[in-house]
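Visitor: The following block contains the structure, expressed as C-alpha cells.
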C-alpha cells in the first residue's frame, strides 16, 4: 500500500501548468484584450451610423462600461480568463491560497476585478463632466483636486508595479497585485518547437523583391514592347488582308488607336506623337513595328486632299 503511493516519477514532461508565464505572453494578452474592446466598440457604433451625429456622445462612458461588463461576464466571471489569455493558454489563479493545486478566482475577487477595471475606466472618463457644472467656489473644486491627486498616486503606483513586473515577471497590473490573482498556464506546456520556415520564406521574398527593384529599371520596356509587336505583326499580315492606305493613316502603328497629333518616321505608317517620341527616347534604334523601317526624322504627317496640301 505504501509502495503504491510512494515516490513515483512524473508521467508528463515539460513545465507544470502552474509555472510562471512569460512576460511577453502576459503583455500580448493585454494587447489582444484591448484590440477586442476596440473592435466591439467600433461594431457597436456602426449600428448607429445612420442616426443623428453625436447621439452616443452623452452616454459614451456608460455604453463602453456596459460592453466591458458583458465581456467580463463571459470571460473572467465564467472562466477566470480574458479572451486574450484564453488564446494564449493562460488563466488567472487565486494566489492568496498557497499550494501547487490550481485554485480559480473566488467570486469576491471577480467582482472586485470588475470594479477596479471597468469601474475605474468609467470613473476616469466621467469624472471631468461630473464636476463641470459646479461653480468654482463649491466643494466640488476641492473634490476634483483630491481626485486628481488620487489619480496621480494611482499612476505612480502602477508605474512602480510595472517596474516590479519587469524584474520579477509576476502581477503586470496593480489590480492583479491588490487582488492576489496571478496568470498561470491552463494546460502543461510542452517543449517549444522552433521552426524557421516562415522566417526563411519571408527572407526569400524580401530578397526576390529587392532583386526585382534593382532589375526592372534596367529593362527597356518600350523596346521590349516594340519587339513583341514587330514579332507578331508579320503573322497578322500573312493571315489578314492587305491594309489600305486609309487604314495606315487612321491607326497608330504602336497603340492601334486614332493617331493623336499624327507623325511619321519616314515610312507609310502613322504614329501618335507621344507614342513615337517616347519610344525613340527609350530606344535610339527604334524601328517601325509594322514594316521594320528605321527611324528617320520625326515629322508631322502631310496629307493632300484634292489640290490642297494639308499639314497635320
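The backbone N, Cα and C atoms fix where each Cβ goes, glycine too.
So Swiss-Prot has the following annotated:
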type: TOPO_DOM; residues: 1-22; note: topological domain 'Peroxisomal matrix'
type: TRANSMEM; residues: 23-49; note: transmembrane segment
type: TRANSMEM; residues: 56-81; note: transmembrane segment
type: TOPO_DOM; residues: 82-105; note: topological domain 'Peroxisomal matrix'
type: TRANSMEM; residues: 106-132; note: transmembrane segment
type: TRANSMEM; residues: 142-168; note: transmembrane segment
type: TOPO_DOM; residues: 169-195; note: topological domain 'Peroxisomal matrix'
type: TRANSMEM; residues: 196-219; note: transmembrane segment
type: BINDING; residues: 252, 255, 272, 275; note: Zn(2+) 1 binding site
type: ZN_FING; residues: 252-292; note: zinc finger
type: BINDING; residues: 267, 269, 288, 291; note: Zn(2+) 2 binding site
Visitor: Compute the mean position of the Cβ atoms of 252, 255, 272, 275, which form the recorded Zn(2+) 1 site, and then list in sequence order the other residues of that chain whose Cβ is within 8 Å of it.
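Guide: Along the chain, the qualifying residues are 253, 254, 256, 257, 259, 260, 271, 274, 276.
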Visitor: An 8 Å radius from the center of the 267, 269, 288, 291 Cβ atoms defines the neighbourhood of the Zn(2+) 2 site; name the other residues of that chain inside it, in order.
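Guide: Going along the sequence, the neighbours come out as 253, 265, 268, 289, 290, 292, 293.
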Visitor: Of the binding-site residues listed here (252, 255, 275), which is spatially closest to residue 269 (Zn(2+) 2 binding site) when Cα positions are compared?
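Guide: Of the binding-site residues 252, 255, 275, 252 has its Cα closest to that of residue 269 (Zn(2+) 2 binding site).
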Visitor: Have a look around residue 252 (Zn(2+) 1 binding site) and count the other CB atoms within 10 A of its CB, chains all included.
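Guide: Counting Cβ neighbours of residue 252 (Zn(2+) 1 binding site) within 10 Å gives 20.
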Visitor: Below 8 angstroms Cβ to Cβ, which residues of this chain, lying six or more residues outside the topological domain 'Peroxisomal matrix' (169-195), approach it?
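Guide: Same-chain contacts beyond the flanks: 12-23, 25-27, 29-30, 81, 85-86, 89-96, 102, 105, 109, 112-113, 116-117, 154, 157-158, 161-162.
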Visitor: For the topological domain 'Peroxisomal matrix' (169-195), how many residues does DSSP put in helix, in strand and in coil?
Guide: 6 helix, 5 strand, 16 coil
Visitor: Near residue 272 (Zn(2+) 1 binding site), how many other Cβ atoms are within 10 Å of its Cβ?
Guide: 19
Visitor: On average, what pLDDT score does this prediction assign to the topological domain 'Peroxisomal matrix' (82-105)?
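Guide: On average, pLDDT over the topological domain 'Peroxisomal matrix' (82-105) sits at 88.
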